[in-house]
Amino acid sequence: KSCCPSTTARNIYNTCRLTGTSRPTCASLSGCKIISGSTCBSGWBH
């Protein structure tokens with residue numbers, strides 16, 4: 001699961017993923033983070 005700090009970051013992440021880029025790379029580019037659980041930390045709910 002990916003957690004992003006803003007809607008903008010989420011959009012960047014989603015667009016990046018559409019091009020077939022890996023999750024870790026897209027998370028790094030967009031400022032999002034990948035978590036192993038199912039609930040994002042407070043403030044990372046986008």
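Even glycines carry a Cβ here, placed using N, Cα and C.
According to Swiss-Prot, Cys4 forms a disulfide bond with Cys32, chosen from Cys32, Cys40. Of all the disulfide-bonded residues given, namely Cys3, Cys16, Cys26, Cys40, those whose Cα is no farther than the 10 Å limit from the Cα of Cys32 (disulfide bond) are Cys3, Cys26. In the three-state DSSP reading, Cys16 (disulfide bond) counts as helix. Under the three-state DSSP scheme, Cys4 (disulfide bond) falls in the coil class.
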